[in-house]
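Features reported for this protein in TrEMBL:
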type: COILED; residues: 48-85; note: coiled coil
type: COMPBIAS; residues: 224-233; note: compositional bias 'Basic and acidic residues'
type: COMPBIAS; residues: 269-296; note: compositional bias 'Basic and acidic residues'
type: REGION; residues: 224-296; note: region 'Disordered'
Amino acid sequence: MVFIPDILKPGEETKINYTVSAHAERDEEMLLQEVLRISKEEHEAHKKANSKEINEDLEKAIANSKEEEVRLKTEQRKEEDLLNQALLLSKQDVVDKRVHNAQSKSTSDQSVKKLVSGTSDLSLKEVDLSHLLPNRNQAPVPGAVQRPAPNHRLLRRRHHLSDSRSSSSVSGAEAAANWLSSAKSESVASSQVSARAAALASSSPAELQKRELYLKQQRDKLLALKKREREKNLSTFTEEEAKSRPKSARAARQATSGLDGSSGGMAAKSKEEQEKTLAMRKALAERLKQEVINKS
């Protein structure tokens, strides 16, 4: 019996083909698995790298946010310190202003008191010394030493000097009182102005705009009223001028002649009044002269 190899037997070709295709499929599967494995490893490595970068970015962001938080806190602390210092300075300024106002008021009151006391002392010192002088109507005492008669002119001068000093003392007291009242009024006015300024500063921008609009309207109304009054006065003046103007040369001559006569009459009246006043002055001078002679 002849031995025939399997490869030469009929129907074995398909088997051979089958085995070759099976090996090829196996190789392809192995390649695919290797590719899948490599791609998986690459994907995992890429994923790890990405996650590492993301983590690093997150850590950097967290560190930056912490630094920014610290910086913001320090700036906030500095701003709070500056605000507290500004408040303290403003309070100190207010206290200093109040102390200065109180000191100025006290010094002004003291100066006024000194001025008033000085004028009162001066008025008390300027007492009439006429009682110390001898009376000319008093009868001379026998045996007493006769003093020389006082100089009446000197006495009159002393009396006039004492009167002028007393009047100056009264005027000084009045001046001090007037000065004190004016200082008080100025302080009241300054306080009112400061209160108005504070009210304006505390008001809102809308209120300021309303106030500005109201003031502009009032200004426009006042200007319009003044313009109407000026036009009215101008029209009345032109009408009166037209009425008073002479319509002919004859009327103008009559008006000028009347003015000349009236001016002459006024000059005569003024001359008479001057003569009357001169006569009255002469009479008063004579009377004063007689009184002085009789007293002396």
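Heads up, the Cβ atoms here are built off N, Cα and C, so glycines get one too.
Under DSSP, residues within the compositional bias 'Basic and acidic residues' (269-296) fall into helix, strand and coil as 27 helix, 0 strand, 1 coil. The helix, strand and coil residue counts that DSSP assigns across the compositional bias 'Basic and acidic residues' (224-233) are 10 helix, 0 strand, 0 coil.
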